[in-house]
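Input: a single structure, listed below in structure tokens.
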Amino acid sequence: MAAAEAQYDLLVIGGGSGGLACSKRAASHGKKVAVCDFVKPSPPGTTWGLGGTCVNVGCIPKKLMHQAALLGEGMTDAESFGWEVAAPKHNWETMVGNVQGHIKSLNFGYRSDLMSNGVKYYNAYATFLDPHTVEAVDKKGKVTKITASEIVICTGGRPRYPDIPGAKELGITSDDVFALKSPPGRTLVVGASYVALECAGFIKGVGYDTTVMMRSIPLRGFDQQMAGLCKTYMQEHGVAFIEGAVPTAVEATPSGAKKVSWKLADGSVGSGEYDTVLFAIGRDVCTSAIGIDKAGVKLSSNGKVPTVNEQTNVPHIYAIGDIIDGEALNPPSATTELTPVAIQAGKLLADRLYAGKSALMDYSMVATTVYTPLEYGAVGLPEEEAIKLHGEDNIEVYHSYFKPLEWTLPHRGDNVCYAKLICLKPEGERVIGLHVCGPNAGEMTQGFAVAIKAGATKAHFDDTVGIHPTVAEEFTLLAATKRSGDSAEKSGCUG
């Protein structure tokens, strides 16, 4: 049977946050737009609807499960505030059912949005036939040949499995954990990325024994002092860590558990049995199986797409989101994989293509948060990178430990939460990095990101009167510098 054919002004390959934003914005400018999106099942068979990683297996479910863990912590604290609380019991199935129900409502909403914006949606896997044409195949095998004047590739990425026996047969990834129909039980999380630590945090937080196996450092690419604080807090709250280790095999046991063998840096070996083995060792971009060579688009050695203002080496083909090679940007950036970045880049690209606008995506000074049990919010440079770029003599770091008021009655730890500003001395102590570990770190960081984006200096922070008692006010009170050697520990709540 001959393939159906269709012609569009813009074809978007990938229905994640960036692709959807770009397609709807282009349609609002009167263009004929189509989106192709198709989810190949994970090795355990998990699949999902329209919306990409963030909605289905990323930001949304992980934040909801992080909240589940925080609620459990809050119930423990409640007695200190006078509440008589029976021993709380968590129901994994209820949580997963409600989370998946919410995700499905979002999937439906995205499909409705495309329809109401006049965007044609193909639930089909697209591969290039030539620079202007793709072949889209749906789950029933129906083939549609689609041509477009411009094409945007935003196919995202998928979790990587280690190349060891039993990994794909017996392990899961973040593609699967949010839809697990039964509790994870004793869980081994392999990796120390933000995905690894976030998953380990909420699994432990809702009541399951959790171990993290890490090869080297936690939260690579983030400020390492802050990463250490996140890790220490997790250890103090019951998450075990196997450090300097790499898994070598996963085997099924007669009891139904998974036996994981590993090798340590000193050459010694070890093993343990777990009910769930979750791999979070990184992600691979989805560019290898879309016929991108037939489009003439060049790839970096890591499979990502080098771009200039989202444009590839083929003038009418663009890329946004995870697949952009952030290291090839000028300056390099690690923010290309963030959902809000993809959304912003997609909208701005559509405006440049079809509305005569000129605004470009700025990948610098983008705020982010790691939803570990002790949340970590950041905007700007890690301390190590600031020193590397500008020299230690040109950097001033203001810092302080603090204890949220809410932690006082339950007698939570002192000098656990921490805030620091990284300032560039030759530019009037312009703030080039802000980092905080503490409750609601994301909510706090978002507001400060606006100020830092606008060029705020340490003097601006000092001149701002804080809201008392809040966690955020710590940034208006910072006085001790690392250079001075003065103590950053706090003994009271009034500066």
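Keep in mind that glycine also has a Cβ here, set from the backbone N, Cα and C atoms.
The active site, proton acceptor annotation in Swiss-Prot covers His468. For 37-54, the entry in Swiss-Prot reads FAD binding site, with the evidence type similarity to another entry. The disulfide bond annotation in Swiss-Prot covers Cys54-Cys59.
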* To do: Look at the binding-site residues Pro43, Gly49, Gly52 and tell me which residue has the greatest number of other C-beta atoms within 10 angstroms of its C-beta.
  => Gly52
* Asked: Which of the recorded positions Cys54, Cys59, His468 has its Cα nearest to the Cα of Lys40 (FAD binding site)?
  -> Cys54
* Asked: Name the residues of the same chain, 6+ apart in sequence, whose Cβ is under 8 Å from the Cβ of Asp37 (FAD binding site)?
  -> Gly14, Gly15, Gly16, Gly19, Leu50, Gly52, Tyr121, Tyr122, Asn123, Ala124
* **Rounded inter-Cα distance in Å - Pro43 (FAD binding site), Cys54 (disulfide bond)** => 19
* **Long-range Cβ environment of Cys59 (disulfide bond), under 8 Å and at least 6 residues apart** => Thr339
* Rank the recorded positions Lys40, His468 by the number of other Cβ atoms within 10 Å of each Cβ and report the first-ranked residue. => His468
* What is the one among the recorded positions Thr46, Cys54 whose Cβ has the most other Cβ atoms less than or equal to 10 Å away? -> Cys54
* Which whole-number value in Å describes the distance between the Cα atoms of Cys54 (disulfide bond) and Thr46 (FAD binding site)? -> 15
